[in-house]
Amino acid sequence: MEGVDHLAHERNKSEFDVDAMKIVWAGSPHAFDVSDRISKLVASDPGFRKDNRSTLSRKELFKNTLRKAAYAWKTIVDLRLSEEEAAKLRFYVDEPAFTDLHWGMFIPAIKGQGTEEQQQKWLPLAYKMQIIGCYAQTELGHGSNVQGLETTATFDPQTDEFIIHSPTLTSSKWWPGGLGKVATHAIAYARLIVGGREHGVNGFIVQLRSLEDHSPLLGITVGDIGMKFGNGAYNTMDNGVLRFDHVRIPRNQMLMRVSQVTCEGKYKQSDVPRQLVYGTMVYVRQTIVADASCALSRAVCIATRYSAVRRQFGSQNGGPETQVIDYKTQQSRLFPLLASAYAFRFIGEWLKWLYADVTQRLQANDFSTLPEAHACTAGLKSLTTTATADGIEECRKLCGGHGYLCSSGLPELFAVYVPACTYEGDNTVLLLQVARFLMKTVSQLGSSKKPVGTIAYMTRVEHLMQCRCGVQRGFAELSVDLVEAAVAHCQLIVVSKFIEKLQQEIPGKGVKQQLEVLCNIYALFLLHKHQGDFLSTGCITPKHAALANDELRSLYSQVRPNAIALVDAFNYTDHYLGSILGCYDGNVYPKLYEAAWKDPLNESVVPDGYHQYIRPLLKQEIRTARL
Ligand SMILES: CCCCC/C=C/C(=O)SCCNC(=O)CCNC(=O)[C@H](O)C(C)(C)COP(=O)(O)OP(=O)(O)OC[C@H]1O[C@@H](n2cnc3c(N)ncnc32)[C@H](O)[C@@H]1OP(=O)(O)O
Ligand SMILES: Cc1cc2nc3c(=O)[nH]c(=O)nc-3n(C[C@H](O)[C@H](O)[C@H](O)COP(=O)(O)OP(=O)(O)OC[C@H]3O[C@@H](n4cnc5c(N)ncnc54)[C@H](O)[C@@H]3O)c2cc1C
């Protein structure tokens, strides 16, 4: 029945202060207040409804996304929301749109790679959305290999301009979000050519469309690249294709914080690492780690609540069947994902600190932690997105058949989320970067340069490397093993930071105890999953492995009474979850049944096509049967 909390009995089992845990999950009382207020504002406004997405055509879907983005912007302006509140509103609107790239990449690129003067010119226009930007780096022929990009930017000293050109088909920009139909400007990455000499890939601000009638400017060919994975999902986003035919831009539209070109045509490289040109990607990778905890926690919230509602088998003397959440197999699949959601939340907090720290150091031209920041953002982006994509799919399976319904929210969540394993850096390519960083660290062992920070532990392998330092097969030959080592390195960081989090003051009855249980589940589940490696390297004995297994089972029993409260702590509205299986009151079956009849196919009792195709078939069968 409506209004009845079918999960009340579960909530009454909780052994900790859920409201206190909500603050821990949000990060602070202030963050919780903003999150709670904005999520309820979005959920209560019919202008942000999203339950009809799967029934819209591509053009209807896209136009609906434009409407919502414009409505969101109007809400932000009318309510005078702060930047923090506005970001939260876009988060809870929960629809991939051009605004993600405008705010998430175009603006950060100008802030990170533009000079003060360029920031003063372009940021006010972007903040007021008087221009709409995208990040145009990837091309049809190159995405991972940035140094392989083919678009050219040739300096013309006669006119003090750059000529931006797409020399080949494969140099066509391909994938940039917001590019296809909306962006008026792009940060386009191109090979800088000055006086016939190449100076690597740099970023250039290029206007694509008229601010008067939105038509593409002279020399610009631009459009959408077509339907992507899944129905609704990422098809709300206009990922685009873009070709330049000798497009001229003023010299001052090359982002010049890292490298400069003078009006005399002199190329100058600042005394900062060339890799700062990649700074926007580092920034986005650290935000993607925080996003992973959000996406995984959504899926886990749905699967946990439904696992408590769903009963299957086990009825004794006509009594109720067993809740599937009580099966050890269900717990062994679900609770490590619950622990991962919390682990990724805290590693995301730490990575945000690391990024802020390296950014502050860069202001003082201190580049000492840049390699570690690159390795951590690359590796943790790879690890958390792979685990989250796999985790969302596991949550779908944990919900049985109903998990495959769009009304479960899980198919759409999966379809929107999975490209995170590819964009902002293919996960394997990024792990190879971590592997390169680890190998460089190993090669420096024994020198005066001692490993610190997240690689401090590597001093312990020094003796190993000295006796084996001669046995160095090619990096490529060992890359599979090195990628596994890179994953292990990142997992160590996640576990270490979870433990460090528990050493902080954490208020609320039973809150720290619950987090300790989740931390132990995360660590022991990893040990169990990779026990072959731990055993073969002599890190643990078979007895240790058996003890870890026993302890895991005990920990699952400790989480069980608190599972619903632990997902309630995410504080997601039913609107944001978008899932009948995950609804707060657990009143699943009546809602599933009611939702089915809203499907357009049920608008008529006899389906369209019956008379053309089914009736003749049936009649034909009747004739056959008479033979
Ligand atoms: C809200 C989400 C929306 C998402 C929408 C999606 C947007 C996008 O997808 S934008 C496009 C994203 N594209 C990528 O991520 C491309 C991935 N490829 C790269 O980042 C680079 O090509 C590379 C790092 C894989 C290779 O770069 P390359 O220039 O060839 O460098 P090397 O591998 O030769 O390494 C040289 C040296 O530089 C260090 N380094 C590399 N990248 C960085 C960095 N970002 N920051 C700092 N340092 C970096 C690298 O570690 C090497 O150092 P040493 O070993 O000390 O020489
Ligand atoms: C939804 C979505 C949104 C995107 N948005 C944007 C955007 O806004 N702006 C933008 O510029 N780009 C965007 N991209 C592009 C994205 O950044 C690239 O697709 C991504 O960087 C992967 O590059 P790639 O496609 O060249 O993959 P490839 O590198 O071609 O990967 C193919 C395979 O090759 C392997 N591989 C590649 N190099 C190596 C190597 N050296 N060693 C071992 N294996 C290797 C990879 O691991 C992978 O298995 C988007 C992509 C998607 C899917």
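Using N, Cα and C of the backbone, Cβ positions are placed for all residues, glycine too.
Any TrEMBL annotation is an automated prediction that lacks curation.
What TrEMBL records for this protein:
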DOMAIN    17-132  domain 'Acyl-coenzyme A oxidase N-terminal'
BINDING   T138, G177  FAD binding site
DOMAIN    278-439  domain 'Acyl-CoA oxidase C-alpha1'
ACT_SITE  E424  active site, proton acceptor
DOMAIN    462-619  domain 'Acyl-CoA oxidase C-terminal'
Looking only at C-alpha atoms, tell me how far G177 (FAD binding site) is from E424 (active site, proton acceptor), rounded to the nearest Å. 12
Grouping DSSP H, G, I as helix and E, B as strand, the residues of the domain 'Acyl-coenzyme A oxidase N-terminal' (17-132) number 90 helix, 0 strand, 26 coil
With an 8 Å cut-off on Cβ-Cβ distance and a minimum sequence separation of at least 6, pull the same-chain contacts of T138 (FAD binding site), or say none. K173, W174, W175, P176
Over all shown protein chains, what is the count of other CB atoms within 10 A of the CB belonging to G177 (FAD binding site)? 25
CB contacts under 8 angstroms to E424 (active site, proton acceptor), restricted to the same chain and 6+ apart in sequence, sorted by sequence, are M281, V284, R285, I288, K381
